[in-house]
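S.K.: Dumping the structure here so I can ask a few things about it.
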């Protein structure tokens, strides 16, 4: 079969032949239909400092995917060949304190597909049956099914705190930031304000229904307070950018008792004024991945209830044009990029 592989510790990827997978007793094999490109995949493609420290080559990339089950392991009896699925990309140990308490998203021994172990950028992907998510939404677009992983990051972050009737600030209008803002708005937030430095990404946010998109290189958040008759600041902050400047500004603009969820990962050290956090009694909650599988149930319910995230996918390519797809994904413009594997059939 074909797979998209980081063959050597240097920039670039190759679409090459690799052995077909073999299912263990508790595994399934999925015929991959679509895959999304994550920022992690871009880092590995470019072979930056993080990738050089983290990834061992050769490695099959990819953790955003959907496809059809084509084979079941001998001990798998609760899934069926032909089911349309995605998968939870975090493999957990099942034996640590968190796993035994049912908090698998907190497993200290987590391994991520596509960077710690081989991933889903391949025609046929084998994974544990316990990581498979079956899509039961009628007529779900495979492109949307392929991005349930990052959608889950957005949902997990946006729903850290109840946002009904609250004023919500989202810093970072990348795909996950926009999806988080859409979730907050869909859940009944009073005002949702999205900030970024990119007019292109803010325009995409507006096209998807987030009318309060602010370029903070030209407009300060204090003008937003006036626009929405805000007297005390934002109730909830969702920091999606990894920018120290954005986090500092968010803290400055929170109401007393405000709550911040952090998903964006800083690339450098950040200096914070802890006196503001302490005396304003601000709660800061770190977030990674998804709750397994509670977030997946929530995602499916949101889609069934009418939340439309399809517009976040702005570019689609056959896998044979992966180089163009990765160049677009790495440009920092636009939304999600999805690659189609069915062209290899």
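The first residue you see is number 1, and the count goes up from there.
Every residue, even glycine, has its Cβ placed from backbone N, Cα and C.
So Swiss-Prot lists the following for this protein:
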ACT_SITE  40  active site, charge relay system
ACT_SITE  43  active site, charge relay system
BINDING   38, 63, 64  Zn(2+) 1 binding site
BINDING   93, 96, 99, 107  Zn(2+) 2 binding site
BINDING   176, 196, 201, 263, 264, 265, 287, 288  NAD(+) binding site
S.K.: Fewest other C-beta atoms within 10 angstroms of its own C-beta: which of the binding-site residues 64, 196 fits that?
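M.R.: Comparing Cβ neighbours within 10 Å for the binding-site residues 64, 196, 196 has the fewest.
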S.K.: When neighbour density is defined as the number of other C-beta atoms within 10 angstroms of a residue's C-beta, which of the binding-site residues 93, 99, 107, 176, 287 has the lowest density?
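M.R.: Result for the binding-site residues 93, 99, 107, 176, 287: minimum number of other Cβ atoms within 10 Å at 93.
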S.K.: Looking at Cβ-Cβ distances, which residues of the chain lie under 8 angstroms from residue 96 (Zn(2+) 2 binding site) while being 6 or more apart from it?
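M.R.: Listed in sequence order, they are 107, 108, 109.
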S.K.: Can you check which residues sit near residue 288 (NAD(+) binding site), meaning Cβ under 8 Å from its Cβ, same chain, 6 or more apart in sequence, and list them in order?
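M.R.: Result: 105, 263.
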S.K.: Using residue 264 (NAD(+) binding site) as the reference point, find which of the binding-site residues 38, 63, 64 has the shortest Cα-to-Cα distance to it.
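M.R.: Closest by Cα: 38.
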S.K.: Within the chain of residue 40 (active site, charge relay system), which residues six or more apart in sequence place their C-beta under 8 angstroms from its C-beta?
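M.R.: Result: 63, 112, 114, 115.
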S.K.: Of the binding-site residues listed here (64, 93, 99), which is spatially closest to residue 196 (NAD(+) binding site) when Cα positions are compared?
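M.R.: Nearest listed residue in space: 64.
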S.K.: I need the CA-to-CA distance for residue 99 (Zn(2+) 2 binding site) versus residue 64 (Zn(2+) 1 binding site), whole Å please.
M.R.: 23
S.K.: If you count Cβ atoms within 10 Å of each one, which of the recorded positions 43, 63 comes out on top?
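M.R.: Result of the Cβ crowding comparison: 63.
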S.K.: Within the same chain, and leaving aside 93, 96, 99, 107, name every residue whose CB is within 8 angstroms of the centroid of the CB atoms belonging to the recorded Zn(2+) 2 site, in sequence order.
M.R.: 92, 94, 95, 97, 98, 100, 104, 106, 108, 109, 110
S.K.: Between residue 287 (NAD(+) binding site) and residue 38 (Zn(2+) 1 binding site), how many Å separate their Cα atoms?
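M.R.: Computed Cα spacing between residue 287 (NAD(+) binding site) and residue 38 (Zn(2+) 1 binding site) is 17 Å.
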